[in-house]
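Over in TrEMBL, the protein carries these features:
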COILED    246-273  coiled coil
TRANSMEM  28-48  transmembrane segment
TRANSMEM  83-107  transmembrane segment
TRANSMEM  127-147  transmembrane segment
TRANSMEM  174-198  transmembrane segment
TRANSMEM  290-309  transmembrane segment
TRANSMEM  351-381  transmembrane segment
TRANSMEM  393-413  transmembrane segment
TRANSMEM  482-504  transmembrane segment
Amino acid sequence: IFPCVFQAILIFCWVYVRKYQSRRESEVISTITAIFALAVALISSALLPVDIFLVSYMKNQNGTFKDWADANVSRQIEDTVLYGYYTLYSIILFCVFLWIPFVYFYYEEKEEDDGNTCSQVKTALKYTLGFITICAVLLLIGAFVPLDIPNKKNSTEWEKVKLLFEEFGSSHGLTALSFSISSLTVIGMLAAITYTAYGMSALPLNLIKGTTSAAYERLENTEDIEEVEQHLLRIKSKCRDGRPLSSRDRRTVRQLEERLRTLRRRERHLESIEKSWWTKFCEAIRPLKIVWGVFFIIVALLFTVSLFLSNLDKALHSAGFDSGFIILGTNLTNPLNMLLPVLQTVFPLDYILITTIVMYFIFTSMAGIRNMGIWFFWIRLYKIRRGKTRPQALLFLCMILLLIVLHTSYMIYSLAPQYVMYGSQKYLVQVRYIVATYNQLGNVFRSLLYVNEPIPVVLLLAFLLDQCIVTRTYLFLHKFWFFSAAYYFGNWAFIVVFLIGLIVSCCKGKKSVIEGEVDEDDSDMSDDELSVYY
């Protein structure tokens, strides 16, 4: 089944990239890079459901391990999943810090200078070296900055250095990779706040409201053309007796002529769309689009309400900023946390729900980027348009999606922490006398998992008695409390942006049937590719 899934992902990535890339500016290297990066993003998003399924599949419903799931087999499965995370997260680091920047700067240099390839490669490598340096610094910080070093007054500097290397060796590089990935996840959080939160509101409402009629838009566009032409005639009539136009009139004429060219391009696009078979097909499946829009808005509201209640629970009952706002158990139950245990009784409904939420998160991110374009603060860098997207914009889009995918796992953990940590595992209640205080148990658990957070007593006992297996996702999520604190505040910002986007999307009217297809800065040559799409 996995080869079929990989093939489907690659086919989708190829179709998606080819749909949006500009035919006149397409490059083989940038196309392959965009397809590969997008495929890595989608495959990485599938890791979380697979990880949860594997740890859950090793146990029976009564809480006992299955016959085949002995200590060696379970350890092999855990290691396999961990190596999968190592591989994909390393590929993400490679794409974000080396491959995508190199291809981006190579193409930028190629546009500015059509000289020899060697010079372009050297210039691209020079700029990419800055990204490689940042990656190396993050890996070194994660590898050698200790999480918990005993404070020994009599220890020498050499002993401290030796302890750093021993800690690095004992974690097998997990801490270094986790710190680097967590740093990128914070950037992904900002991208999710900007694009995903808006996409979660814009995508469903656009499906429900639909687009305006092509025939109606053509009628309005024809009226606009006639109005502009009449305005031009009135201005040009002033110079019939040989008098030159004033500077103000000449400036107005240039603006009107540019406006007229844009309106005529719109006329050609609208005429082509009105006659296309795709428009007729979309009209036929209009009821299905409404159903999907209603479903998507329900999922978005479920996600947002659950996230709000989870964050509110942390605000009221967590140990505070220094612990990363981690709570001891669940005090305020959210809808998703209630729904997952119910779905666990019918296999595989809970995995279908988690996979749906993850994929919904990805596709709404794509919709948000497509609708907003790519921005750097208040400066709009690129637009994402069908058949007219520049290679640099596609590379940016794929990089943003890679970063958002990294943040997806923590978003799901915020909604259902125990489910993401243990899946649907159950444990047997065994009466054992343990001579230890709660704080001592917590210290043992944190040292075993390399985390610095308070842990619920029930989870402590389940872990210490070897009753449950922790997902590998959790190991990457919670090694540094300050990242957890950043995610907490990011969740509040996500909710606020979603609500603003929901209000804006509700107030906006229907989208134009050629929304984003025609801009004033387009050339007339861009109309030559109309037949490819319509």
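Each Cβ is built from the backbone N, Cα and C atoms, and glycine gets one as well.
Long-range contacts of the transmembrane segment (351-381) within the same chain, counting only residues at least 6 positions beyond its ends with a Cβ under 8 Å from a Cβ of the stretch, are 16, 20, 41-42, 45-46, 48-49, 52-53, 191-192, 194-200, 202-203, 296, 299-300, 303, 336, 339-340, 343, 393, 396-397, 400-401, 404-405, 408, 411-412. In terms of C-beta pairs under 8 Å, the stretch of 28-48, 83-107, 174-198, 290-309, 393-413 lying closest in packing to the transmembrane segment (482-504) is 174-198. Away from its own ends, the transmembrane segment (290-309) comes close to residues 200-201, 203-208, 210, 332-337, 356-357, 360, 364, 411, 414-415, 491, 494-495, 498-499 of its chain (Cβ-Cβ under 8 Å, at least six residues beyond either end). A Cβ distance under 8 Å defines the sequence-distant neighbours of the transmembrane segment (83-107), meaning residues of its chain 6+ beyond its ends; these are 27, 29-30, 33, 36-37, 40, 43-44, 47, 120-121, 123-125, 127-128, 131-132, 134-135, 177, 180-181, 184, 391-392, 395-396, 398-399, 402-403, 406, 472-473, 476. The list of residues near the transmembrane segment (28-48) in space but at least 6 beyond its ends in sequence, with Cβ under 8 angstroms from a Cβ of it, reads 5-6, 9-10, 12-14, 16-18, 21, 81, 84-85, 88-89, 91-92, 95, 99-100, 103, 106-107, 354-355, 358-359, 361-362, 391-392, 394-395, 397-399, 401-402, 404-406, 408-409, 412, 420, 473.
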